[in-house]
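Asks: Pasting the feature list from Swiss-Prot:
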TRANSMEM  78-98  transmembrane segment
DOMAIN    81-365  domain 'ABC transmembrane type-1 1'
TOPO_DOM  99-122  topological domain 'Extracellular'
TRANSMEM  123-146  transmembrane segment
TRANSMEM  196-216  transmembrane segment
TOPO_DOM  217-222  topological domain 'Extracellular'
TRANSMEM  223-243  transmembrane segment
TRANSMEM  299-319  transmembrane segment
TOPO_DOM  320-339  topological domain 'Extracellular'
TRANSMEM  340-358  transmembrane segment
DOMAIN    423-646  domain 'ABC transporter 1'
REGION    654-831  region 'Disordered R region'
TRANSMEM  859-879  transmembrane segment
TOPO_DOM  880-918  topological domain 'Extracellular'
CARBOHYD  Asn894  N-linked glycosylation site
CARBOHYD  Asn900  N-linked glycosylation site
CARBOHYD  Asn909  N-linked glycosylation site
TRANSMEM  919-939  transmembrane segment
TRANSMEM  991-1011  transmembrane segment
TRANSMEM  1014-1034  transmembrane segment
TRANSMEM  1096-1116  transmembrane segment
TOPO_DOM  1117-1130  topological domain 'Extracellular'
TRANSMEM  1131-1151  transmembrane segment
DOMAIN    1211-1444  domain 'ABC transporter 2'
REGION    1387-1481  region 'Interaction with GORASP2'
REGION    1453-1481  region 'Disordered'
Amino acid sequence: MQRSPLEKASVVSKLFFSWTRPILKKGYRQRLELSDIYQIPSADSADNLSEKLEREWDRELASKKNPKLINALRRCFFWRFTFYGILLYLGEVTKAVQPLLLGRIIASYDPDNKTERSIAIYLGIGLCLLFIVRTLLLHPAIFGLHHIGMQMRIAMFSLIYKKTLKLSSRVLDKISIGQLVSLLSNNLNKFDEGLALAHFVWIAPLQVALLMGLIWELLQASAFCGLGFLIVLALFQAGLGRMMMKYRDQRAGKINERLVITSEMIENIQSVKAYCWEEAMEKMIENLRQTELKLTRKAAYVRYFNSSAFFFSGFFVVFLSVLPYALIKGIILRKIFTTISFCIVLRMAVTRQFPWAVQTWYDSLGAINKIQDFLQKQEYKTLEYNLTTTEVVMENVTAFWEEGFGELFEKAKQNNNNRKTSNDDNNLFFSNFSLLGTPVLKDINFKIERGQLLAVAGSTGAGKTSLLMMIMGELEPSEGKIKHSGRISFCSQFSWIMPGTIKENIIFGVSYDEYRYRSVIKACQLEEDISKFAEKDNIVLGEGGITLSGGQRARISLARAVYKDADLYLLDSPFGYLDVLTEKEIFESCVCKLMANKTRILVTSKMEHLKKADKILILHEGSSYFYGTFSELQNLRPDFSSKLMGYDSFDQFSSERRNSILTETLRRFSLEGDAPVSWTETKKQSFKQTGEFGEKRKNSILNSINSIRKFSIVQKTPLQMNGIEEDSDEPLERRLSLVPDSEQGEAILPRISVINTGPALQVRRRQSVLNMMTHSVNQGQSIHRKTTASTRKVSLAPQANLTELDIYSRRLSQETGLEISEEINEEDLKECFFDDMESIPAVTTWNTYLRYITLHKSLIFVLIWCLVIFLAEVAASLVVLWLLRNTPFQDKGNSTYSRNNSYAVIITNTSSYYVFYIYVGVADTLLALGFFRGLPLVHTLITVSKILHHKMLHSVLQAPMSTLNTLKAGGILNRFSKDIAILDDLLPLTIFDFIQLLLIVIGAIAVVSVLQPYIFLATVPVIAAFVLLRAYFLQTSQQLKQLESAGRSPIFTHLVTSLKGLWTLRAFGRQPYFETLFHKALNLHTANWFLYLSTLRWFQMRIEMIFVIFFIAVTFISILTTGEGEGTVGIILTLAMNIMSTLQWAVNSSIDVDSLMRSVSRVFKFIDMPTEEGKPTKSTKAYKNGQLSKVMIIENSHVKKDDIWPSGGQMTIKDLTAKYIEGGNAILENISFSISPGQRVGLLGRTGSGKSTLLSAFLRLLNTEGEIQIDGVSWDSITLQQWRKAFGVIPQKVFIFTGTFRKNLDPYEQWSDQEIWKVADEVGLRTVIEQFPGKLDFVLVDGGCVLSHGHKQLMCLARSVLSKAKILLLDEPSAHLDPVTYQIIRRALKQAFADCTVILCEHRIEAMLECQQFLVIEENKVRQYDSIQKLLNEKSLFRQAISHSDRVKLFPHRNSSKYKSRPQIASLKEETEEEVQETRL
């Protein structure tokens, strides 16, 4: 960044903002880069400002019982704020004085007053000087106030961030990220813009008093008629404002519904295409858009009347002020002109400045109070510790996540009693408040000596993470004692990476020790990974470490914890993302050897780790189930240990599976003194596990990648969803967010008893900060969010490091920091995260305007209609002027002219009544025309917005995946939320305002030019100067605005990153470093914003200077060239003053239109995306010349009838090559094989080898070359939709959209209820659907959060059965399933798809056994394609993956199927829980 010229600028340069000239020149000539921006003055740096405010706030906290943030702000900024307020007032006073001089000038032309004629020229000079003084006072004052507003915002931003880092975990659970971002963005932006208006709260009343005094002198009591009308008008506008808010609130709900479905569609676009649901989704979204647009139109009409009321009020104010006086006493022209000028200023003060100022104060004080409350929230306290202590001790420790739960618990119980809940009802329910009453840990005791390893195991949600939080001081014990030495290092369960290099992430502010660093890297197996990067350990990781795989992130997090020299190491499930082999090696080399003499507490679920630990603590529902050594465990709890030991290769399971089994086992053995309990009782019992939910609610412990939150299980009455629903003041969303749950708990919930919680389920929930820290991100819940699975930017990772999940969720993989807003509040969030879809020019092109205008044929007619009405108004005025000029002199025909719509006012001394009748008649006609000029325009522009939305939606749905893969989900969603909101709300009225203002100016210039042709000569250069100046300024200002938006994103991204790693930050004491980083991000944004404000002021001042010159010219031309007659001079000068303020407004309005039209440019960019249907897939020859031949798709006769093709499901694949994006690396190369009808083929390969990619290629979702035939029909001889309908798909990431069960199973409404129920029976879904009220009409929300992962898989299965597909593609259907659901899916597959071709990508051995052929993919190619016997005989991947004992088990299958074309699948014995095993290769 360059040094700012401001530092060396002279006073004159600062006054006229000339110091910004170099940047304006540069921006006009070339594209601005960040390096071109000037550094901020030291007075504006976040460090200085935050220190100043923090000091005053601390003083306030220390000195008072009720500290007020406004007092601290006052002490920091009051005097400068007052100084600029006085300048502003003096500038405004000049406005009030100008009409006096105008009156004197007009009076000097009265034939009876020749004595004053000689001083007219001096009065003219005085009038011009007032304009110059006003310009020199107002602009520095407004800029100064904007500057103070900016400084206040920066100081408060910093204070909020510092406070966030100190908040206790209890408080963090009550605040959602959405609220925090809203606190920073929404509330604080009010200061930037609003502070300039704040002073009008006292300036406007003073101005009104002064003006009323001056008008009283002219018109006596009748002056108050005009004022009365203005006050009534202001109240009328307030009423309209309230009505508008009502419509907007109603509309917000509709927008929400549309955006929820749109976001679900965008996030699951791959599934939408695979299912051929494009038309169904389009129809669904368009229907929601229709109802939304009805309310949009109502709100727009109200806003239109509100806006036009201001324009049309000018005539009435003058009319009502003058009429009573004229009727009683008659009137002279000088008074009328002076009154008109006074009334223009008066109207501005009463209807605009004062209401805006009141609104600003209301908003600002509200924001300050919110921030004040936030700054007084409870902070976390580090535990008191003793450095001489060597052991770690916990004595009788009990802890709650909530405080004050007792009272709430009582209230909930009382409420339940009132509802007369029967005790013997099997469907027990608990409210979220009963959860509050459950301690997360109770009576925990243990003691470990220095150098010992304590392994903590337990059921899902038993309190394992909470135990570590207690030791770190994040959770305060309500009773009991904790002792340790205080030097702690911590590794979080969810690996957290800060922006920076790998080295910085590991050292993390601790002093650098080369030997220690190398040892740690070796022990954590990072050497090989680091060597792959060209920059080695200096490679920079973006937000969230996006260039890394989950395993690499986990190892870096562990390395960070190990590198710090501490007495106690807390390791919270550090091996979650690692494969079995790596985990074993790291456990040995790192935990057992490198840290052998350190005290370690390891949360784990592996038997091997328990065996090696010095002590074991097993937790269940917050209590200690067992504490002691492994041998004691075998002696004291023989049932439990033998149960776990009885699993073959328990440690080989994925961590999710292990936890599922562990939870179930603990449940069974912990009931009623370990007495044997029947399965049905276990089912019942599972509803009582409030402890599990209580802990789960907070920590989402052992959450899988796609974890979701469940509601409390409740009785069938929807009202009882929350125990104390009606009486609680706490908002509903707060309580609903409390219970996160993960897929792994599924095995525990009885399959049939997911009770529905009624319509209230549809209330939006939001995610607390604490949930986000523990990664519990809801599926499909948030609008501004990506899937958690894809936290890595895949395009940057070497191909070998891609995980299956990466590849499958490729299109969402490039998001940054958007998984954050759980309440859909796009107003708060849309501005916070900049999406870099900004490859559009800095200024909107004419082509965009032309396309926009011609989009709807009526729009051109409406614009012509506006012009015709305008010409009628000007013509009427000119006719009246012509009549006036030809009136005999003795009648003293005089005329006045009202500001806005060219109404001519004729009043004579002799026939006041008669003339007023004519005047009112003409004015009313023009008024009616004027009113209806705008309505058709606003109506038509909203229709244009509707067309744009429809075209864009269609384009996105029809775009090829290769195009969508290059876009961010957040970027696409911003088009549908932010840009469509601009097209609906802001653009129509801004265009109307601009056209209105432009016509007023043209009309005024026309009238003045008719009266005094010389003045026309002065207006031509003025308008030319204004057009050139605007073009010059726009180039730079739009680029600065763009840079400012880009600069805003890092602030919020940093906030989110800090919150995710807050526990790590605090454990390592790195808060000061992160505050510095935050201040850097703030300063970068400030530099852009300050420069934007300065250039804007430069522009406004130049415009004002041009008008001052114009006014001087007009004044002297009219004074020197006009002969007798007050009328002409009066009209000319009044209009010239008018032209000045209106044209400035018009210029600003034109800049607004240009900014808003950028949204239209972005929407057009999406509309112009290529479509999928036209993409040939044959071989490269077909489209070498880049031209797409429509002739290529020839309707194939076999496909004419849906029931004929495909009949058998035979597939032939020839030379298939697949890429994600055009010109990218080939993920699969020259794949060739064939599949017989009805055959089952298993895909094998390492993670990231391209198994899921192959399935996507079959569906033509990728850029493919080569050929595939199904039953002899080639894929480029039929349409894309027909091809995809041949396949049934069960993807890894299940897509459930917001809608009824029926809609989810059959979005095109092709099947009757009877057929749907029949299929539901086949796949085992009937019992699930029947649990819900409304059955098939029950509405699923939030990605089907009330369904388990298994139920969702069954939904996919049902869709495939309904589609009558002959080929079924399964992508890891059992990834997160418990044994029970898995059996249901296996059974359904055997029955419903007995004669279908099945292609299976799976990690479980027993699922693979049912396949006749196996395709082994390695290094993007087919390595082997053989039967299971051949694979077991050779040295293949499959053989390596299976242990010797398993091979012995499998032999019977091998031998029996040797000579059969197809084994008897039905004869395979059902697997028991113990036989489930993973084959992650």
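Glycine too: its Cβ is placed from the backbone N, Cα and C atoms.
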Asks: Short question: which residues 6 or more past the ends of the transmembrane segment (1096-1116) have a Cβ under 8 Å from it?
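Replies: Tertiary neighbours of the transmembrane segment (1096-1116) are 16-18, 20-21, 24, 121, 124, 127-128, 131-132, 135, 139, 142-143, 146, 1008, 1015, 1018-1019, 1022, 1025-1026, 1029, 1033, 1037, 1132-1133, 1136-1137, 1139-1140, 1143-1144, 1147-1148.
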Asks: For the transmembrane segment (196-216), could you work out the same-chain residues 6 or more beyond its ends whose Cβ comes under 8 Å from its Cβ atoms?
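Replies: Contacts with the transmembrane segment (196-216): 84-85, 88-89, 92-93, 95-96, 99-100, 142, 145-146, 149, 223-224, 226-227, 321, 339, 342-343, 345-346, 349-350, 353-354, 356-358, 360-361, 364.
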Asks: Can you name the far-off residues of the same chain, 6+ from the ends of the transmembrane segment (78-98), with a Cβ under 8 Å from a Cβ of it?
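Replies: For the transmembrane segment (78-98), the list is 127, 130-131, 133-134, 137-138, 140-142, 144-145, 148, 195-196, 199, 202-203, 206-207, 210-211, 214, 341-342, 345, 1137.
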Asks: Per DSSP, what is the helix/strand/coil residue tally across the topological domain 'Extracellular' (99-122)?
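Replies: DSSP composition of the topological domain 'Extracellular' (99-122): 18 helix, 0 strand, 6 coil.
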Asks: Spell out yes or no: are there three or more C-beta pairs under 8 angstroms between the transmembrane segment (223-243) and the transmembrane segment (340-358), with each pair 6 or more apart in sequence?
Replies: yes
Asks: If I take every residue in the topological domain 'Extracellular' (99-122) and average their pLDDT values, what number comes out?
Replies: 79
Asks: Under the DSSP assignment, what numbers of helix, strand and coil residues are found in the topological domain 'Extracellular' (320-339)?
Replies: 17 helix, 0 strand, 3 coil
Asks: Near the transmembrane segment (1131-1151), which same-chain residues lie under 8 Å Cβ to Cβ, leaving out any that are not at least 6 residues past its ends?
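Replies: Sequence-distant neighbours of the transmembrane segment (1131-1151): 98, 102, 105-106, 127, 131, 337, 340-341, 344, 895-897, 899, 990, 993-994, 997-998, 1000-1001, 1004-1005, 1007-1008, 1011-1012, 1015, 1026, 1030, 1033-1034, 1037, 1100, 1103-1104, 1107, 1110-1111, 1114-1115, 1118, 1122.
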Asks: State the residues, same chain only, that lie 6 or more residues beyond the ends of the topological domain 'Extracellular' (217-222) and have a CB under 8 A from a CB inside it; answer 'none' if no residue qualifies.
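Replies: Residues 103, 321-325, 328, 335, 338-339, 342 contact the topological domain 'Extracellular' (217-222) from elsewhere in the chain.
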Asks: Using a Cβ cut-off under 8 Å, which residues of the same chain at least 6 positions beyond either end of the topological domain 'Extracellular' (99-122) come close to it?
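Replies: For the topological domain 'Extracellular' (99-122), the far contacts come to 130, 214, 218, 332-335, 337-338, 341-342, 345, 1116, 1119-1120, 1122, 1124-1126, 1129-1130, 1133-1134, 1137.
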Asks: Which numbers of helix, strand and coil residues does DSSP report for the topological domain 'Extracellular' (217-222)?
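Replies: Residue counts in helix, strand and coil order: 6 helix, 0 strand, 0 coil.
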